[in-house]
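Just dropping this structure here.
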Amino acid sequence: MHLLPRETDKLILTTLGTLAQRRLARGLILNRAETIALISSQLQEFVRDGRHSVAELMDLGKKMLGRRHVRKGVPESIHTIQVEGTFPDGVFLVTVDDPISSDDGDLNNAFYGSFLPIPSADVFPAAPEPADTLLGALICRKETVKINASRRRFRLEVKNAGDRPVQVGSHYHFLETNPALIFDRLLSYGYHLDIPAGTAVRFEPGEKKTVTMVEFGGKKIFHGGSGLGNGSFDENLRETKVKEMVEKGGFGHKEQEKIEEGPVTEMNREVYASMFGPTTGDKIKLADMDLWIEVEKDYTVYGDECKFGGGKVIRDGGGQASGRHDHEVLDLVITNALIVDWTGIYKADIGVKNGIIVGIGKAGNPDMMDGVTDGMIVGSSTEVISGEKLITTAGALDVHVHYISPQLMTEALASGITTVIGGGTGPADGSNATTCTSSSFYMQNMIKATDTIPLNFGFTGKGSDSGTNAMRDIIEAGACGLKVHEDWGATPEVIDRALSMADEYDVQINLHSDTLNESGYVESTLAAIKGRTIHSYHTEGAGGGHAPDIIVVCEYENVLPSSTNPTRPYAVNTLDEHLDMLMICHGLDKSIPEDIAFADSRIRSETVAAEDVLQDTGAISMISSDCQAMGRIGEVVTRTWRTAAKMKQFRGPLEGDEPTRDNNRVKRYVAKYTINPAITHGMSHLIGQVAVGCLADLVFWTAESFGARPEMILKGGVIAWAAVGDANASIPTVQPVLGRPMWGSQPEAAALNSIVWVSQASLDKDLVKRFNIKKRAEAVKNCRSIGKKDMKWNDTMPKMTVDPETYDVRADGVLCDVPPADKLPLTRRYFVY
């Protein structure tokens, strides 16, 4: 066949488009991906027929599917579908705006060429939805936004005496505009148009307009333009140097006799949000969940927002400072970012330099903008990511990873994970069951194998040894922690020795305790821990641990508890899948009664239900995957938010929250896969939060897809993954738009933008030189001095009891129980399979 990449890419459209037709034919309404694929693949078939023009297909694309054929929120989330195909006269772009614009569409077009039966319209009842239930809905405060509020302004009369139109942007020094514009140039010295940042005023030939001018902010140092008023603003120059330059250059000038003060410009909140994103007091619905966030603070400056694009703000002499050296300015600015972090839910520009977040606040040009944060200058060396229609979170940490297959890492990155901690060597039986990279030989191989993967890695050695020699060896070989696992031995003696090594080397211990109760009950394990800090994996117990009451460790200050995601949240199918998962992962045999009893002892509806409650109250502090060993690496983020959504449904708003303001709950849950695992494993000084000094590992989401599929992942300040279209297309938004590895995922770049986390002892022994690795090696630290009190938004320590016969779980005497969910958000609406 000798197909080109662009042809094999489009086969994905055909595959999913055909699948969507089959689903529609049997009466299923389509989700967003299915809808786009069906319309796109049908357009390609019409292009192939060669009987339609580009213009005709732009119209035909609107006449396939109607609102009744797609899921709630799909019409509003698909603004444009674009394809490129080979017409009789070449390859051209077809753009279909608002493709779902009628109730009924025309299924004859949707099924054209498929030979599938066209379903009756009666199968798809139309049901209009209230606006506030739309995916990613935005509710703005009922007030206006005042721009440039505290500055002087006046009305200026302008005429275009030229024979061509002139368009002037918001932050262009008006004095410097086209010589064909006639107005009082001297009066305009030090002023720009009083219009929203990034907008413009157009003057047609011969047209007269009266516009409002507003004084520049900042230091009032001007650069660029035509050079009429360059330098520091000086009132004395208006009638001298500036006047001389205007006359010498032949710039249109007419003195304005009457000068009127202009009114403060006010913007409708909805209009403001459409341009710059939501601001203080505005509320956003997260995906299809009943979770709402409210913007707590906006650090940008109304009227001086950074905005990139043709004729917009970030241009020389405007929002981009002139004459700055590379070291003086940001490498990257993320403009108008809506940040969702444990520290708050707020709006700000984010500045990145050398892969590190160096500023969060207001970026721009301090020469002519107010409020620019120190160290956040935008210059000609600065790249821009427009964050105004996106939500920004810290990259997720998955700290329970079985390194079974390299393919796990692609799935992890695509889901928003930027750091993985765990152990293993591949699909060996030991690694299938436990997260241990057990020898120096394997440690070197695994660190080398992951040296060019764009994720931060940490490897845990085996801590199941009542002697200390092997543990010393593996820590000094690069282990960032130790794993104690019952499959290798989790006896009191083993736990005590492992914790002694952890204290000596300042690393963390991850514990999978003794389900069998072979050496003692949970009390014996707690006695062996002796009040020392430890990370308790899958604290509910289905993933392993003292049956039936390992969950009681949630009450202890020194125990840092986490969940693994197969039980997140408790749903009607949760228990039924667990037996087979458990048997395979831990090498059990269904023909052996004791193995069946062992497995059954770990699967309890009562403790799984209690886990929901304890996650919601902050008694369980973290969520991780246990990937390919009873968990799913690509669902750490998704299942965390499903849990949050379920618990709001069953328990209502948290204290301090409201029905349409869930900021406290959102901060609690985002902390579970960002800051808290970072603190637990001694990494929070560099990752786990959107904070100055941290690595720029950032994930960007649309509000309507929050928690399901990211738009872009930044790894150490470099784009490593993004949703991008056909590589042969004229623009990057042509279908199929797929999550794809970007430049930051290329091997040499990955080594530059990522970290390998190791022990300080291994660095002292010159691990980087011995292993010849390219990644930045960082030592974990402060793993031993932390406790439950340090878990952000997840530090509660209720008195726990578990009835050994009924398995009822009580926290501070209150029964922890919720029913299993039979329907959850972030499910079929978002995923094809």
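Every residue, even glycine, has its Cβ placed from backbone N, Cα and C.
Marked as active site, proton donor by Swiss-Prot on the basis of sequence analysis: His586. Per Swiss-Prot, the feature Ni(2+) 1 binding site maps to His400, His402, Lys483, Asp626; the stated evidence is sequence analysis. Taken from Swiss-Prot, the feature urea binding site applies to His402, Ala433, His485, His512, Ala629. Summarising the annotation, Swiss-Prot assigns Ni(2+) 2 binding site to Lys483, His512, His538 and lists sequence analysis as the type of evidence. Summarising the annotation, Swiss-Prot assigns domain 'Urease' to 395-833 and lists sequence analysis as the type of evidence. Sequence annotations record features per position, and here Swiss-Prot assigns N6-carboxylysine to Lys483 based on similarity to another entry.
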Can you check how the pLDDT averages out over the domain 'Urease' (395-833)?
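Mean model confidence (pLDDT) across the domain 'Urease' (395-833) is 96.
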Hey, for the Ni(2+) 1 site built from His400, His402, Lys483, Asp626, who else sits with CB inside 8 A of the CB center?
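Apart from His400, His402, Lys483, Asp626, the close residues are Val401, Gly422, Gly423, Thr434, Thr435, Asn510, His512, Tyr537, Thr564, Ser624, Ser625, Cys627, Ala629, Gly631.
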Quick check for the class: what is the C-alpha distance, in angstrom and rounded, between His400 (Ni(2+) 1 binding site) and His512 (urea binding site)?
11
For His512 (urea binding site), which of these recorded positions sit within 10 Å, Cα to Cα: His402, Lys483, His538, His586, Asp626?
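Of His402, Lys483, His538, His586, Asp626, within range: Lys483, His538.
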State the count of C-beta atoms found within 10 angstroms of the C-beta of His400 (Ni(2+) 1 binding site), not counting that atom itself.
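Summing over all protein chains shown, His400 (Ni(2+) 1 binding site) has 34 other Cβ atoms within 10 Å.
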Other than His402, Ala433, His485, His512, Ala629, which residues of the chain come within 8 Å of the urea site, judged by Cβ distance to the Cβ centroid of those residues?
Asn432, Thr434, Thr435, Cys436, Lys483, Asp487, Gly544, Cys585, His586, Asp626
Excluding near sequence neighbours, so keeping only residues 6 or more apart in the same chain, what lies with its CB under 8 A of Ala629 (urea binding site)?
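In sequence order, His402, Ile404, Asn432, Ala433, Thr435, Cys585 meet the Cβ cut-off.
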Within 10 Å of His538 (Ni(2+) 2 binding site) (Cα to Cα), which of the recorded positions Lys483, His485, His586, Asp626 do you find?
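Cα filter at 10 Å returns Asp626.
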With the cut-off set at 10 Å between Cβ atoms, which of these recorded positions ends up with the most neighbours? Options: Lys483, His485, His586.
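The residue with the most neighbouring Cβ atoms within 10 Å is Lys483.
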With a radius of 8 angstroms around the mean position of the C-beta atoms of Lys483, His512, His538, what other residues of the same chain does the Ni(2+) 2 site pick up?
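Apart from Lys483, His512, His538, the close residues are His400, Thr434, Thr435, Val484, His485, Asn510, Leu511, Ser513, Tyr537, Gly543, Gly544, Gly545, Asp626.
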Using all protein chains in view, find how many other C-beta atoms are within 10 Å of the C-beta of Ala433 (urea binding site).
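Its Cβ shell of radius 10 Å holds 22 other Cβ atoms.
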Could you give the Cα-Cα distance between the residue listed as 'active site, proton donor' and Lys483 (Ni(2+) 1 binding site), in whole Å?
16
Expressed to the nearest Å, what is the distance separating His485 (urea binding site) and Asp626 (Ni(2+) 1 binding site) at their Cα atoms?
13
Give me the count of other Cβ atoms within 10 A of the Cβ belonging to His402 (Ni(2+) 1 binding site).
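I count 27 other Cβ atoms within 10 Å of it.
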In the structure shown, with every protein chain counted, which of the binding-site residues His512, His538 has the densest set of Cβ atoms within 10 angstroms of its Cβ?
His538
Among His402, Ala433, His485, His512, Ala629, which the record lists as binding urea, how far apart in Å are the two most distant Cα atoms?
13
Which state, by DSSP, holds Ala433 (urea binding site): helix, strand or coil?
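Assignment for Ala433 (urea binding site) reads helix.
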